[in-house]
Ligand code: ATR
């Protein structure tokens, strides 16, 4: 079978190496390529995939929303998120899914998270917020600019960064979804955790560096921390499972990605 990831730019994607590590571990002679699609040519996407006999592909920035117009069917959760990161092609029929939020949730210590506080309101935040809302959690999103939250299509509490302190004590999960703390990003950390419950889990969707200042401070205060590596591995593993019905080897995928970090 043939798989791909599409994006623009895409040259630094670790997905091909990660998926090949999984194929190798399972003894599968499958391919997975990175395709840099010029946004001006995106309307040819179905021809591009047909020509390469692609059976399934991942979608990354900037096409996660645009791809929806080219699908025959969209999974309910992905439709609510307004973002698709996984497309399965069966006999020319394209179905879209989103494994970002489920991949993130799989990376957390397994327990019920009923009050989730997200910092940042970009695409990743929106997917994760919807993922938790679908599980019945109470979701609060704090964002620097309130306008960004105005058109969110479901009920979350919408707050500013200054309000975090007031909402944090009831959160059992805090997640940074902003680029603050990413290697090469200069801005300062957002939060000091003074009012956070001691049992709360603190997560960041960033995985380079493995410990952002956000996570380091939480760790120093004795809170459980989770970085974004598990989310990246699990979203890929779950895509593979959607495409093939087989169980992915997450250990092989993790070892492979760690070699590049
Ligand atoms: P994604 O890749 O998840 O789609 P994005 O669209 O780049 O991310 O969104 C980045 C998020 O990080 C936004 O919520 C942004 O806040 P604004 O809506 O106010 O721009 C937030 N963000 C970026 N830099 C930030 C900073 N220095 N402090 C606080 N929030 C920041």
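Using the three backbone atoms N, Cα and C, a Cβ is placed for every residue, glycine included.
All annotation found in TrEMBL is predicted automatically rather than curated by experts.
As recorded in TrEMBL:
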type	residues	note
ACT_SITE	64	active site, proton acceptor
BINDING	13, 14, 15, 60, 85, 100, 207, 235	shikimate binding site
BINDING	76, 120, 121, 122, 123, 124, 205, 228	NADP(+) binding site
DOMAIN	5-87	domain 'Shikimate dehydrogenase substrate binding N-terminal'
DOMAIN	114-194	domain 'Quinate/shikimate 5-dehydrogenase/glutamyl-tRNA reductase'
DOMAIN	228-255	domain 'SDH C-terminal'
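Here the features listed in TrEMBL are placed on the structure.
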residue : record                 : DSSP (3 states)
14      : shikimate binding site : coil
60      : shikimate binding site : coil
76      : NADP(+) binding site   : helix
85      : shikimate binding site : coil
121     : NADP(+) binding site   : coil
205     : NADP(+) binding site   : coil
228     : NADP(+) binding site   : coil
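Cβ neighbours of residue 228 (NADP(+) binding site) (same chain, under 8 Å, six or more residues apart in sequence): 104, 203, 204, 205, 206, 207.
Below 8 angstroms of C-beta separation, residues 1, 3, 14-15, 18-19, 21-22, 24-26, 28, 55-56, 58, 85-86, 88, 97, 99-100, 102-104, 106-108, 203-207, 210, 261 of the same chain, each at least six residues beyond the ends of the domain 'SDH C-terminal' (228-255), sit close to that stretch. Not one of the binding-site residues 14, 15, 76, 85, 207 has a CB under 6 Å from ligand 1.
For the binding-site residues 13, 14, 60, 85, 100, 235, a Cα to Cα distance of within 10 angstroms from residue 124 (NADP(+) binding site) holds for 100. Straight-line distance linking the Cα atoms of residue 13 (shikimate binding site) and residue 120 (NADP(+) binding site), rounded to a whole number, equals 23 Å. Put simply, 64 is the one of the recorded positions 64, 76, 120, 121, 123 whose Cα lies nearest to the Cα of residue 85 (shikimate binding site). Ranking the binding-site residues 76, 100 by the number of CB atoms within 10 A of their own CB puts 100 at the top. With respect to residue 100 (shikimate binding site), the closest of these binding-site residues in Cα terms is 123, chosen from 76, 121, 123. In sequence order, 83, 84, 85, 123 are the residues near the residue listed as 'active site, proton acceptor', counting only same-chain partners six or more apart with C-beta under 8 A. For the binding-site residues given as 124, 205, the lowest number of other CB atoms within 10 Å of the residue's CB is seen at 124.
Counted over every protein chain shown, other Cβ atoms within 10 Å are most numerous around 85 among the binding-site residues 13, 60, 85.
Summed and averaged per residue, pLDDT over the domain 'Shikimate dehydrogenase substrate binding N-terminal' (5-87) gives 97. In this structure, the binding-site residues 14, 121 were compared by how many other Cβ atoms lie within 10 Å of their Cβ, and the smallest count belongs to 14. Ranked by Cα separation from residue 15 (shikimate binding site), the binding-site residues 76, 120, 121, 122 are led by 122.
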